[in-house]
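Engineer: Got a structure for you, questions after.
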Amino acid sequence: LPSQIDPKDYTFSGLKDETVGRLPGKVAGQQFVIQDCENCSIYIFDHSATITIDDCVNCKIFLGPIKGSVFFRDCKDCKCIVACQQFRTRDCRKLEVFLCCATQPIIESSTGMKFGCFQYYYPELALQFKDAGLSIFNNTWSNIHDFTPVSGENNWGLLPENAVVQDYIPLPSSEELKAVRISTDATRSIIPVTRGRRQKSSDESCLVVFFAGDYTTANARKLIDEMTSKGFQLVQTKEVSMKAEDAHRVFQQHASEFIPLLEKGPVVALELNGDGAVEGCRSTVNDVFSGTKVFVSESKASASQDVDNFYNFADVQMGM
């Protein structure tokens, strides 16, 4: 670490009944330590390298994008919002976590864990995700791996579908932190809110793939907004690089049309679900994105195979 960095500036330790945090720009990719805090509200409104949270009880914690891992140890009764590359807990009890995680989250010797999809917005957050090397579309929040399962018991589950972030982690009450312009409205969330492993409402899903370009993110978000406003549900999203052979597997007879677009960068894929999802996606893409090349499943019959083909390839690619 550069000599002018004081670890105390990147540590919250031994606090009780306090509201503390760091404003955007104040952590700037350093590692951070939170330990021995009780009944505190803690907000890290910046990106960091790694964060460890040890021996915290009854705390409310917001952690902006973490380039590497976040590790909760010996914590209990905490409510958290976290975005990270890797998520791990050990010896924890009753954590409720709104999570964005690029890889499969892991719990170990932990019980009473509940997970929901990250939903949060403030103006600096998009750039912080970029600085942390995280894609807003790679979020496996509900695909939990329990390292130490106990036969006949379930150590984790999902938060209620209608869980509202602010009921769990209220907005900060301190004058300093009120400067951050936060919205917890799910429709404004920087991370598209996905159903993940929840039961799908329909047996019809549609795969939509946007190719790399200046407006990829904006286009994907626009389609999500259009479709969810019509009552369809976003199941999962993924941003991943594809090669020609992947394109043949996923796009089948249309591969040659899309292969030249793969060199520009990763694709963004969406799975949208609901009766009429294929027709809905096709007409919306035609209306809204005329002139932009987008892959959309052709029929209900082929769509579920499209979704499987894409996510099987993507999961292998991401080392899931």
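Cβ coordinates come from backbone N, Cα and C, glycine included.
Feature list, courtesy of TrEMBL:
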- GLY68, SER69, GLN85, GLN86, PHE87, ARG88: GTP binding site (BINDING)
- 1-149: domain 'C-CAP/cofactor C-like' (DOMAIN)
Engineer: DSSP-wise, what's the residue breakdown of the domain 'C-CAP/cofactor C-like' (1-149) into helix, strand and coil?
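Structural biologist: For the domain 'C-CAP/cofactor C-like' (1-149), the helix, strand and coil counts are 11 helix, 73 strand, 65 coil.
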Engineer: Relative to the mean position of the Cβ atoms of GLY68, SER69, GLN85, GLN86, PHE87, ARG88, the recorded GTP site, which additional same-chain residues have Cβ within 8 Å?
Structural biologist: THR50, ILE66, VAL70, PHE71, CYS84, CYS101, THR103
Engineer: Determine the C-alpha span of the GTP site listed in the record, that is the greatest distance between any two of GLY68, SER69, GLN85, GLN86, PHE87, ARG88, in Å to the nearest whole number.
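Structural biologist: Of all Cα pairs among the recorded GTP binders, the widest measures 11 Å.
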Engineer: Taking the Cβ of each of the binding-site residues and counting other Cβ atoms inside 10 Å, which one has the highest number: GLY68, ARG88?
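Structural biologist: The most densely surrounded of these binding-site residues is ARG88.
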Engineer: Sequence gap of 6 or more, Cβ distance under 8 Å: name the residues on the same chain that satisfy this around GLN86 (GTP binding site), in order along the sequence.
Structural biologist: GLY68, SER69, VAL70, CYS101, ALA102, THR103, ILE106
Engineer: Given the model, what does the mean pLDDT over the domain 'C-CAP/cofactor C-like' (1-149) come out as?
Structural biologist: 96
